[in-house]
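Please read the structure below before turning to the comments.
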Amino acid sequence: GCTQKYIVKNYFYYYLFKFSAALGEEIFYITFLPFTYWNIDHSVSRRMIIVWSVVMYIGQVSKDILKWPRPLSPPVVKLEMRTVAEYGMPSTHAMAATAISFSFLMATANQYKYPFELGLVAAFVFSMLVCLSRLYTGMHTVLDVIGGALISAVLLMFLYPAWDVIDHLLLTSPFCPLLSIVVPLVLCYNYPKLDFYSPTRGDTTTILGAGAGATVGFWLNHQYAAPAYTSENFQLGFPLITSKIVVVALARFFVGIFVVLLTRQLMKSVVLGMLGYRYKFPRGDREARRRLEVEVPYKFITYSSVGFSATVVVPLLHELLGLM
């Protein structure tokens, strides 16, 4: 794990693909998915989060079952070090980009008036940039990227016909909150065992935790609160967007992101402190955080709190501040 030295000869490609790679990471998920929920449409956000959770779980588990290595370095120069311990096939960046961009297109195409061809091009460009970034940064082979994109496409084909049924059950079933917590926890605790530590189990727990918290929030909102944001509030595309809508959307976003990041930081500190007390390790002990009995509850509780905060606490705060 030592960083390689390299010379950048084309800064345009360098920054373009470094930025594109970030579109498949936590910072993008934690901003774009809540923004969709706060400012566009609840149903669109619900479908994207469910698809994202399913696709990413299958992708992460597939990596650790197949155990295909990443490209050899040298000759490849790796521009990222955090994920170097993970296996390569399939590329979960490619899977996430394909799933999010095309599920967004599919969920909005029948609800909003905009040129479908333009949406299709945007989805293709977004996913292609992320896929190419994995090649440029030396983290995946062409086969890893193609495999990831194809797996996402197949999963979308199977999930799309069942979207309405799944969505209805998530909102109305009395068992939804319990199953939303128990099923992801069981999956995380029974994650495939590895010969050496990699961040895949922790990342998977993060994703499933965020999805679980958001799903519980969806259910509570449907049961006890009127929908806060609907397609009547904001129209995608080409009715003219007024300055007032832009200001309100930005205000919702910055207030929401502040609350989400504050929740994440507070819960990390509280949960890690409690686990440290329970298992007798100092807060800065990174090796202890990698243990199953620490990593899973630490990640799951923290990010389920983030998902719940984004879907329940933030909308209530928006209403209190008059941002509805």
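Here the Cβ of each residue, glycine as well, is placed from N, Cα and C on the backbone.
It is 300-318, from the ranges 91-109, 300-318, that TrEMBL records as transmembrane segment. Range annotated as transmembrane segment by TrEMBL, chosen from 42-59, 204-221: 204-221. Simply put, out of 169-192, 241-262, 300-318, 300-318 has the most Cβ pairs sitting under 8 Å from the transmembrane segment (204-221).
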